[in-house]
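Data block below; observations after.
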Amino acid sequence: MMYSCRERRMITVKWSLCLIFCLSNSILVFAKHLCLPDQRDSLWGFKNEFHVPSEKWRNNTDCCSWDGVSCDPKTGNVVGLDLAGSDLNGPLRSNSSLFRLQHLQKLYLGCNTSFGSLSYNDGLKGGELLDSIGNLKYLKVLSLRGCNLFGKIPSSLGNLSYLTHLDLSFNDFTGVIPDSMGNLNYLRVLNLGKCNFYGKVPSSLGNLSYLAQLDLSYNDFTREGPDSMGNLNRLTDMLLKLNSLTDIDLGSNQLKGMLPSNMSSLSKLEYFYIGGNSFSGSIPSSLFMIPSLVELDLQRNHFSALEIGNISSQSKLQVLILGGNNFNPDIVDLSIFSPLLSLGYLDVSGINLKISSTVSLPSPIEYLVLSSCNISEFPKFLRNQTKLYSLDISANQIEGQVPEWLWSLPELQSINISHNSFNGFEGPADVIQGGGELYMLDISSNIFQDPFPLLPVDSMNFLFSSNNRFSGEIPKTICELDNLVMLVLSNNNFSGSIPRCFENLHLYVLHLRNNNLSGIFPEEAISDRLQSLDVGHNLFSGELPKSLINCSALEFLYVEDNRISDTFPSWLELLPNFQILVLRSNEFYGPIFSPGDSLSFPRLRIFDISENRFTGVLPSDYFAPWSAMSSVVDRIIQHFFQGYYHNSVVLTNKGLNMELVGSGFTIYKTIDVSGNRLEGDIPESISLLKELIVLNMSNNAFTGHIPPSLSNLSNLQSLDLSQNRLSGSIPGELGELTFLARMNFSYNRLEGPIPQTTQIQTQDSSSFTENPGLCGLPLKKNCGGKEEATKQEQDEEKEEEEQVFSWIAAAIGYVPGVVCGLTIGHILVSHKRDWFMRIVSLFT
């Protein structure tokens, strides 16, 4: 088709207009998605305050495309910021440019641990931060989980009236939850777990009618005070009002009381966790009538009875944990749980069970805990549990051999049969190797004896076989367990040396305590992953393996009662997580401090070097860097194997041996340097260790005075300074230590009266004997008899007489002195000074 010139021009114009229109639309659309300049500037300022680890945060690009940034497509305002777990570096301050983003609706800053990290100077008070966040009035979602925030929650947080999700868990706040939290009318999720809150929880939380998930776990809520949520009536009244709740977690507080019988009114409840409290009475049957309930955790309380009632076959309950309560001795038939057809996890430990031969549990059950259930026969119904993954039948009265069919269960991977009376295994020597993917086996505290069982080579991670009767050398077949990370063979009769093939293992935990093992501990047997080494009460000789210095995660070293001959292992200070050192009863020698040593053990909790041959003087600042003993707040490292096994150590407190297991290490802090040859003054810096519970410096050669500053050790329960060469008096300030139950100052050179304070006077007289100069109760020696008292009275009378004569003499000399003074004054002022001075000069 042919077009005229005019038509061609018209077509060109039309196409040009169309192109311009399209381009203008594109430009408008492009411009529409650019965030506003003030929003970009605020974000860029925030980036400059921290190191935001993203290459997309560039100043010449659309900030709405930056990682973690969401914008309103209509206004260009930033409405969402998600930088959770971004390793933001630096304290978030209350004047941060972040708070200029006034249109924010979602803010995720969780797991950035530097926000309130060090102190009130270079960190951030959580209260200040939340006060600033309280001005972001459009916020709907706020997550500051695990940011190391501290301080008090401000009431301004209640200004966030649009908030639906609030997560402040895993921080270090103080005080109580503010009443204003009840103003968050649209709140659906409230997570305040592990925040160190205490006391009253506001009843205003009962106003949160939309609340679906409530987590107040791992705090310190009690029933103290008339308005406290710890008062169970208040607690349940508030909870029962919130009929939208699906998740309730009140675990690990100090709540007390009884659960109400009408718990079924929480008809939407799916998850109910109250473990680790002090609830008592009966577990009401109404809990099992909630049709939506999926998980129920009531462990570690004081419940005494269980009311199951009629359980609907429509029950959705999958997890039921009842262990660790104080159930009465009435026998409960295991078959009452049979109607729970969806049950996959059942813990009934501590309940006196009847298990009939015909009992059957739901086939989907995967985790079964029957510990301490007074079972005397291996449960035969387990043979049909083809989905069983983990079995715990520890602490019962089962005798005989472990049945062969147990190892044929196809899904079984974790078995705990400890604390029974098993004496062997049915079937061939390799019967356990037929157990598929078995990764955890605990056969401790039985009466097993040789031969040691053959184990699955590829899957075994955790092996516990302590407190049995195994003997001979440690079997080299253990070295074939390539994936083994925990090996506990304590309290057997193993002898010989540690197999050198242990170098093939990558152990985190190696415990061989109380055997008859001997020889030099091989350097190559130390895995650089080692966190806990316990070889106490054996016959090892030689030196400590220096390869321990490569174990950067080492926390626990226990070598008590061996024949190890070495100098003090000061190189252990290089291990950043080191906490427990027990060298007691060996042949260590020499000084425990040398010039140039810093001996900075910031995390050390237990220091026991007693009964060795250490010598030398400790400088006054020796204990200054030991910060874990001077502060309550101290990070506790969590391990992937936590729950499988706990370290233990035997210590002396108040004259008695006591065993610390597991969490006892977090609160128990002790120093024992007794039975050595240390000398010089007791270091003043020891008074900085305010969390110290036991201090034993007895049977050394310490001299000088007892530091009065020991009265700063406000948590001290036991003090032993006996059998030294200490002189001077017993400081009366020690009587201010209200927890000090035992003290011993005997066999020193102390003198003077024993302080007459309650804490000191309650001690036995043997705590003060063999100090010739000490007197007063509880010793029979009085501080001065009758003759001495008479002499003292005579001295006082003589002193009084001398004072009287002095005053008389002063009075006699007073009058002529005044006359003489007046005469001399008259001479001086009457211009006869030269004559007077000439006369004076004749006598000088």
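Quick reminder: no glycine exception, Cβ is built from N, Cα and C everywhere.
Residues or ranges marked as signal peptide by Swiss-Prot: 1-31. What Swiss-Prot lists as topological domain 'Extracellular' is 32-803. The annotation N-linked glycosylation site is assigned in Swiss-Prot to Asn59, Asn95, Asn112, Asn207, Asn310, Asn416, Asn493, Asn516, Asn550, Asn696, Asn712, Asn744 (among others) on the grounds of sequence analysis. Positions annotated as repeat 'LRR 1' by Swiss-Prot, on the basis of sequence analysis: 102-126. Marked as repeat 'LRR 3' by Swiss-Prot on the basis of sequence analysis: 161-183. What Swiss-Prot records for 242-265 is repeat 'LRR 6'. Marked as repeat 'LRR 8' by Swiss-Prot: 292-313. The feature repeat 'LRR 9' is assigned by Swiss-Prot to 315-339. Annotated repeat 'LRR 13' per Swiss-Prot: 410-434, in sequence order. Per Swiss-Prot, repeat 'LRR 17' is recorded for 506-527. Among the features that Swiss-Prot reports, repeat 'LRR 19' is placed at 553-574. According to Swiss-Prot, the repeat 'LRR 20' annotation covers 575-601, on the basis of sequence analysis. The feature repeat 'LRR 21' is assigned by Swiss-Prot to 602-625, with sequence analysis given as support. The annotation repeat 'LRR 23' is assigned in Swiss-Prot to 690-713. Taken from Swiss-Prot, the feature repeat 'LRR 24' covers 714-737. Taken from Swiss-Prot, the feature transmembrane segment applies to 804-824, supported by sequence analysis. If you look up Swiss-Prot, you'll see 825-844 marked as topological domain 'Cytoplasmic', on the strength of sequence analysis.
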Local confidence of the repeat 'LRR 24' (714-737) - pLDDT mean: 93
For the repeat 'LRR 19' (553-574), the number of residues DSSP places in helix, strand and coil: 5 helix, 6 strand, 11 coil
Chain residues in Cβ proximity to the repeat 'LRR 6' (242-265) (below 8 Å; excluding those fewer than six residues from its ends, i.e. six or more beyond): 193, 206, 208-223, 229-233, 235-236, 271-284, 286-287, 289-290, 292, 297
Residues that sit under 8 angstroms from Asn95 (N-linked glycosylation site) by C-beta distance, when 6+ apart in the chain: Ser132
Stretch in 161-183, 315-339, 553-574, 690-713 most in contact with the repeat 'LRR 21' (602-625), if contact is a CB pair under 8 A: 553-574
Chain residues outside the repeat 'LRR 13' (410-434) and at least six past its termini with a C-beta under 8 angstroms from it: 366, 371, 386-404, 440-449, 451, 453-457, 459, 464
Summary of DSSP states over the repeat 'LRR 23' (690-713), given as helix, strand and coil counts: 5 helix, 6 strand, 13 coil
The repeat 'LRR 8' (292-313) - residue tally per DSSP class, helix then strand then coil: 0 helix, 8 strand, 14 coil
Same-chain residue ranges lying at least 6 outside the repeat 'LRR 17' (506-527) that approach it to Cβ under 8 Å: 466, 474, 484-500, 533-548, 550-551, 553, 558, 639, 641, 645
For the repeat 'LRR 19' (553-574), sequence-distant contacts whose Cβ falls under 8 Å of one of its Cβ atoms, 6 or more beyond its ends: 508, 513, 529-544, 546, 580-594, 597-601, 603, 608-609, 614, 637, 647, 649-650
DSSP-derived structure type at Asn59 (N-linked glycosylation site), helix or strand or else coil: coil
